[in-house]
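J.: Got a structure for you, questions after.
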Amino acid sequence: MDLKLLLLSTLLGVFSYSNAQKEGNECINANAKYCGECIQAGAKCGWCKDPNFLKQGETVSTRCDELQSLIKRGCDEQMIENPHGERRILKNKMVTNRRKGQDKLKPEEITQIQPQKLNLTLRSGEPQTFDLKFKRAEDYPIDLYYLMDLSYSMKDDLENVKNLGTSLMVEMSKITSDFRIGFGSFVEKTVMPYISTTPAKLRNPCTGDQNCTSPFSYKNVLKLTSDGKRFNTLVGQQHISGNLDSPEGGFDAIMQVAVCGDQIGWRNVTRLLVFSTDAGFHFAGDGKLGGIVLPNDGKCHLENNVYTMSHYYDYPSIAHLVQKLSDNNIQTIFAVTEEFQPVYQELKNLIPKSAVGTLSANSSNVINLIIDAYNSLSSEVILENSKLPEGVTIAYTSRCKNGVISEGENGRRCSNISIGDEVTFSISVTSKGCPKKGKHETIKIKPLGFTEEVEITLHFLCECECHKEAVKNSELCHFGNGTYECGACKCNEGRVGRQCECSSNDVATEDMDRTCRKDNGTDICSNNGDCVCGTCECKKRDNPEERYSGQYCECDNFNCDRSGNKLCGGHGRCECRVCVCDPMWTGSACDCSLDNTTCMASNKQICNGRGICECGTCKCTDPKFQGPTCETCPTCPGVCTQQKECVQCRAFGTGEKKDVCEQKCSYFNLIKVKDRDKLPQPNDASYPVVHCKERDANDCWFYYTYAVNNNTQKEVHVVDTLDCPAGPDIIPIVAGVVAGIVLIGLALLLIWKLLMIIHDRREFAKFEKEKMNAKWDTGENPIYKSAVTTVVNPKYEGK
């Protein structure tokens with residue numbers, strides 16, 4: 001590769017890493033050139049600002065690493081920059097505990113969410129968590145706007161809605177003492193093909209003698225008021241209108257109700273919109289049928305309480321409605337007929353904090369429907385947040401009633417909340433890097449359908465603390481060609497090198513290459529790095545833990561001897577291809593232990609006195625012995641068998657060696673004891689004790705112990721009485737055999753008798769069955785045959 005291109009590649013920081021490296025140490029992978037860039041790489045990353053930290057051949061980016069790795073490489077903990085984020089609550093007003101009937105508070109004086117304002121300082125990759133409390137306040141004010149379809153099919157419904165004001169006031173007074181109600185109506189866009197534009201139909205769109213009002217898109221009939229009678233009066237003055245197609249222009253009306261807050265009279269309280277219809281709806285794109293192509297602008301266009309731009313702007317999209325309803329904290333109740341329940345149920349799934357109720361054919365159940373829907377909406381709290389800055393994520397964990405804990409999307413909500421219930425949400429905010437726009441951002445979190453919100457100001461840690469002490473145009477950076485910051489030079493544009501000693505426009509020369517060679521016979525930077533301004537900058541490995549180093553990148557920390565498939569046996573570190581062993585370890589692969597405790601035999605002797613300890617392993621000098629401590633002798637007789645003849649002759653005067661006992665068996669001290677309990681136990685002595693049990697020629701057992709005490713004297717403790725087997729007792733044996741024969745005979749007789757009884761009963765049953773099936777007269781003997789033979793003459797005619 002051309003050296004100039006290699007230089008430019010190094011300057012621009014263009015490196016190609018394998019997948020293994022990308023999945024490895026994020027601090028090293030960041031290739032950070034200064035401290036601020038390092039701490040943005042991840043929460044585990046630290047920057048060593050020690051000026052003398054870097055070794056020859058290491059790049060500035062190796063100052064950025066995980067904390068334990070930096071300390072292991074020799075950076076003092078006090079010299080590591082590792083700032084952390086923080087959380088500071090600015091406004092923390094307690095939630096309101098007022099009950100109904102107590103002193104009346106203004107809506108802005110009621111608090112249902114805590115805290116209200118806080119600052120979060122975010123370090124990249126490090127989450128900041130806080131708890132948000134929500135408590136439903138009792139007697140909270142409610143604004144309800146009734147938006148009704150006044151197409152001809154809703155004629156009978158209008159009659160029942162005319163008395164809705166006072167009736168709803170009475171019912172809602174059970175929930176809140178501060179209730180206001182408003183009314184609006186809609187039909188359809190006033191263009192073809194939605195309505196007939198002939199003059200006669202514009203005056204009266206209904207057929208026959210029906211008296212209908214002119215078609216319109218949306219009218220705000222009554223601004224929100226606490227006067228229920230006024231609601232009844234104004235609604236009673238309304239008239240049905242008509243249109244041509246089945247779907248209605250209700251979305252136009254919903255959009256105007258949401259954005260025209262001043263004309264509607266919305267307060268910063270619970271806002272309910274009741275949408276009553278018996279038909280479907282038009283949405284974005286349907287306006288093209290009437291030649292309307294401009295998308296809905298989402299702005300208020302009410303003049304004299306009438307929507308004037310229905311012919312100009314298309315219907316709003318569902319997403320547009322969702323945004324505006326959410327922005328204005330409006331909860332929607334769809335009161336629709338049973339026929340259109342499935343359609344509006346699907347719409348409900350797209351609009352958060354909305355409900356669907358089944359409207360009777362004439363709207364007679366509308367009050368109960370509104371009360372039920374309100375209770376359903378108010379018993380659920382769903383948190384939403386404003387748009388997050390780039391790189392910022394937020395996670396919710398809810399702690400609802402009865403100890404129910406949820407995470408993920410379900411962590412945003414709690415259900416079945418009653419008035420006075422308090423629930424808690426744990427909210428965790430995490431950033432990745434710093435946003436491009438600035439170091440400060442504001443986000444808001446609020447419960448859907450409520451005006452209260454939490455304002456969170458985000459501050460981002462984009463620079464280290466030592467950045468404040470930076471020295472611009474420092475002499476330490478080659479006569480002022482860079483800023484000395486956090487122990488390293490941050491070069492000015494066009495300068496490169498550890499001390500910014502070179503210009504990026506310099507052309508590589510043979511002199512520069514020569515300084516990057518160890519001698520004339522070696523490659524540039526040992527073929528393990530790049531020559532930048534006459535100095536080797538070593539390459540990075542796929543594994544971030546593996547590094548090249550040295551003036552000519554001739555060293556590395558991964559090409560040392562291995563033992564047990566571990567570098568330096570796992571008992572040392574690799575420095576410049578040589579293992580530097582931990583204490584008590586030696587060898588080229590640090591696989592030789594200097595600790596001889598593993599060679600200690602059970603008799604407390606090194607290798608049982610039959611070998612030498614090398615690298616924590618016994619090498620037995622006596623070929624008969626083997627094992628980790630030279631205690632195993634497969635070809636040797638056991639100690640008990642080996643001592644048997646001598647113990648037998650000295651203790652009892654028997655055995656094969658009784659004649660030569662004094663000559664061959666005087667090498668141990670013999671101590672007699674009365675019974676086996678008196679024998680030495682293994683835990684009684686500080687030296688090993690072997691328990692033996694042997695049998696003599698008369699089948700008698702004798703018990704003894706063999707041991708070598710601390711003075712290397714052999715001791716034998718033996719029980720002075722033999723344990724001989726007793727002869728058999730003949731009488732019980734004979735009696736048992738006789739009794740067995742008698743019992744077996746009786747058992748066989750009983751079995752035979754039982755079988756005969758069963759056989760007889762079966763035969764008798766068979767006889768009784770045949771007797772029942774007999775066909776002859778039971779008064780005669782069927783076996784009897786008369787002795788008289790009667791012969792008839794066929795010629796005889798009875799004359």
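Cβ atoms here come from the backbone N, Cα and C positions, even for glycine.
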J.: Need the cross-check against TrEMBL: the disulphide partner of CYS538, picked from CYS516, CYS553, CYS555.
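T.: In TrEMBL, CYS538 forms its disulfide bond with CYS553.
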J.: With reference to TrEMBL, which of the candidate residues CYS477, CYS486 participates in the disulphide bond with CYS489?
T.: CYS477
J.: Measuring CA to CA, name the entry from the disulfide-bonded residues CYS462, CYS486, CYS502, CYS590 that ends up nearest CYS692 (disulfide bond).
T.: CYS590
J.: Average the pLDDT scores across the domain 'Integrin beta subunit VWA' (35-464) and report the rounded value.
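T.: When the pLDDT values over the domain 'Integrin beta subunit VWA' (35-464) are averaged, the result is 88.
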J.: Which sequence-distant residues neighbour the transmembrane segment (730-752)? Criterion: at least 6 residues beyond either end, Cβ under 8 Å.
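T.: Distal contacts: none.
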J.: Radius 10 Å, atoms counted are CB only; among the disulfide-bonded residues CYS531, CYS615, which position scores highest?
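T.: In terms of Cβ crowding, the pick is CYS531.
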J.: Name the one residue among CYS462, CYS555, CYS590 whose Cα is closest in three-dimensional space to that of CYS434 (disulfide bond); these are the disulfide-bonded residues.
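T.: If we rank CYS462, CYS555, CYS590 by Cα distance to CYS434 (disulfide bond), first place goes to CYS462.
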J.: When the number of other CB atoms within 10 A of each residue's CB is tallied over all shown chains, which of the disulfide-bonded residues CYS466, CYS525, CYS661 has the maximum?
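T.: Top count of Cβ atoms within 10 Å goes to CYS525.
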J.: Counting across all protein chains shown, how many other Cβ atoms sit within 10 Å of the Cβ of CYS536 (disulfide bond)?
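T.: Excluding its own Cβ, CYS536 (disulfide bond) sees 27 Cβ atoms within 10 Å.
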J.: Can you name the residues of this chain that are 6 or more positions from CYS464 (disulfide bond) yet have a C-beta less than 8 Å from its C-beta?
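T.: Those within reach of CYS464 (disulfide bond), by Cβ under 8 Å and sequence separation of 6 or more, are CYS35, GLY36, CYS38, ILE39, TRP47, LYS49, GLU81, PRO83, CYS486.
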